[in-house]
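A short write-up of the structure that comes next.
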Amino acid sequence: PPRILTLEEPVLHMDHCIAFAVHGNPAPTLHWLHNGQVLRETEIIRMEFYQQGEVSEGCLLFNKPTHYNNGNYTIVATNQLGSANQTIKGHFLEKPFPVVSGLFSFQMQYTPNFLCIESNAFSFQVSIAVGLAAFACVLLVVLFIMINKYGRRSKFGMKG
């Protein structure tokens with residue numbers, strides 16, 4: 001059955017890397033869990049490894065991780081003879097708006113005002129802005145037509 005030889009905390013090289021080494025014959029399939037949920041590879045998180053004999057060595061790579069990527073990372077190695085898993089804590093960044101606690105027993109969390117707009121109020125504001133823009137466009141077209149129609153004739157028969 002597979003056996004996890006090493007699993008190291010995240011280290012910053014070119015990208016952040018959780019290094020691992022897994023031994024198994026036949027070669028195990030590897031997948032990752034983040035806080036108990038299956039981790040899908042994206043352009044931000046990807047796994048790179050190479051097989052050398054019965055040992056698979058590699059990294060779970062993070063391209064510019066944020067506080068959303070903090071948590072427990074579990075590598076799961078499975079082959080026909082069994083499976084093995086091991087977990088490590090990954091901490092990349094602090095939350096940008098931490099919970100503020102004072103002398104009182106309540107806690108307060110800062111949320112920017114622009115994130116608190118209701119969708120109905122926002123859609124009403126957008127419709128007002130679109131209406132004003134359409135009115136301005138129509139007014140400019142009417143002014144352009146009037147200037148072209150009446151602006152060509154010189155007044156009092158004077159030639160310019």
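Cβ atoms here come from the backbone N, Cα and C positions, even for glycine.
TrEMBL has this to say about the protein:
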DOMAIN    21-88  domain 'Immunoglobulin I-set'
TRANSMEM  122-147  transmembrane segment
Residues of the domain 'Immunoglobulin I-set' (21-88) by DSSP state, where helix covers H, G and I: 3 helix, 43 strand, 22 coil
Across the domain 'Immunoglobulin I-set' (21-88), average pLDDT on the 0 to 100 scale: 91
